[in-house]
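Undergrad: According to TrEMBL, the protein carries these features:
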| type | residues | note |
| --- | --- | --- |
| COMPBIAS | 364-377 | compositional bias 'Polar residues' |
| DOMAIN | 92-136 | domain 'Homeobox' |
| REGION | 349-391 | region 'Disordered' |
| TRANSMEM | 148-168 | transmembrane segment |
| TRANSMEM | 188-207 | transmembrane segment |
| TRANSMEM | 214-233 | transmembrane segment |
| TRANSMEM | 269-291 | transmembrane segment |
| TRANSMEM | 311-336 | transmembrane segment |
Amino acid sequence: MATAAAGALGLLWGWLWSERFWLPQNVSWADLEGPGDGHGYPRARHMLSVFPLAAGIFSVRLLFERFIAKPCALHVGIQDSGPYLAQPNADLEKVFVFITKYPDEKRLEGLSKQLDWDVRKIQCWFRHRRNQDKPPTLTKFCESMWRFTFYLFVFCYGIRFLWLSPWFWDTRQCWHSYPYQPLSRELYYYYIMELAFYWSLMFSQFIDIKRKDFLIMFVHHLATIGLITFSYVNNMVRVGTLVMCLHDSSDFLLEAAKMANYAKYQRLCDTLFVIFGAVFVVTRLGIYPIWILNTTLFESWEMIGPYPSWWLFNGLLLILQVLHVIWSYLIARIAFKALIRGKVSKDDRSDVESSSEEDDETTCTKTSGSHSSNGANWVNGHMGGSHWAEE
């Protein structure tokens, strides 16, 4: 039995690392055992160092949020306080837990008669109750500041590295002498650092703030980790660095805009969002297909020809392009609502995360004619920043 199991495991391992799948024709793993330069050629065993590094990055994040991000948040006026607690009420709690968190007008009127409460008071109760399950603005600011810091750092590192790399200026160099392309020390650090960060995100997203695009982000992290690992193992690291740097170019702008939104610097928030939207659309819908997909689909076909893992690699890149289109649509929709309607109705807000509702807490004790002065509305000519930032 043990011999049969070992034999089956050996067959599975051989199939998993089949040279016919991973490498071009007439190339074997033995050909890539040479020293090359720096760290030699990429090897699958290098990936083992990613997991302790990911744990280290997560530990650094916890320290960063506590000792750097939190003081910065307090300095810009973000309060270190929990959400407003809803008044205990068994009937409303049953409706909230078992029926709906967003009662319609008919249900509100029925509850108003049942409890002898004003409809406005019941609306405020549901708003308070929803906010109880949300993290405070301070937590969201610290999370965004950590991501902003890492994205900005790794983008600057990537630009500095690629500026001196020949394939940054001529993408055909990504395939010249492939797969016999030695791995430099700087390229190794760049890859391992990016992969470790995305592994830390993969695990931490289950304890971070839940957003509407949780499933899309989960698919994104899977595709990203798959792409980075896959491109490293079969030494497509040159084009891989281009993909990583291109994606890092807009991420830190979004996190900066979210920080400005949480701190209620609305003009800065709007400006950063406009810049982010422009950079995102240009890089993901323009440069990515014209520069990246062109070299992976056509230049590589011409210079090295297709082989099994080539199809998988380009399939993952095309999945990312589909996600780019979805996110670009969401960004355009949010911007369109903010510009055309002046403000975004509360029915369109995300119940997952909406800082504008937090500001509405103080208005619930006032008359129904009072209005929130939150930046989510069109105030003094500003866009609906709170809504788009949370979306």
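Glycine residues also receive a Cβ, built from the backbone N, Cα and C atoms like all the rest.
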Undergrad: Average the per-residue pLDDT over the domain 'Homeobox' (92-136) and send me the rounded value.
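TA: A mean pLDDT of 84 is what the model gives the domain 'Homeobox' (92-136).
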Undergrad: Have the transmembrane segment (214-233) and the transmembrane segment (148-168) got at least three CB pairs under 8 Å, pairs 6 or more apart in sequence?
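TA: With fewer than 3 qualifying Cβ pairs, these stretches do not touch.
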Undergrad: Using DSSP, what's the helix, strand and coil tally for the domain 'Homeobox' (92-136)?
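TA: When I sort the residues of the domain 'Homeobox' (92-136) into the three classes, I find 33 helix, 0 strand, 12 coil.
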Undergrad: With a Cβ cut-off under 8 Å, give me the same-chain residues at least six positions beyond the ends of the transmembrane segment (148-168) that come close to it.
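TA: Counting only partners 6 or more residues beyond its ends, the transmembrane segment (148-168) has Cβ contacts under 8 Å with 64, 174, 186-187, 190, 193-194, 197, 238-239, 241-242, 244-245, 248-249, 251-252, 255-256, 259.
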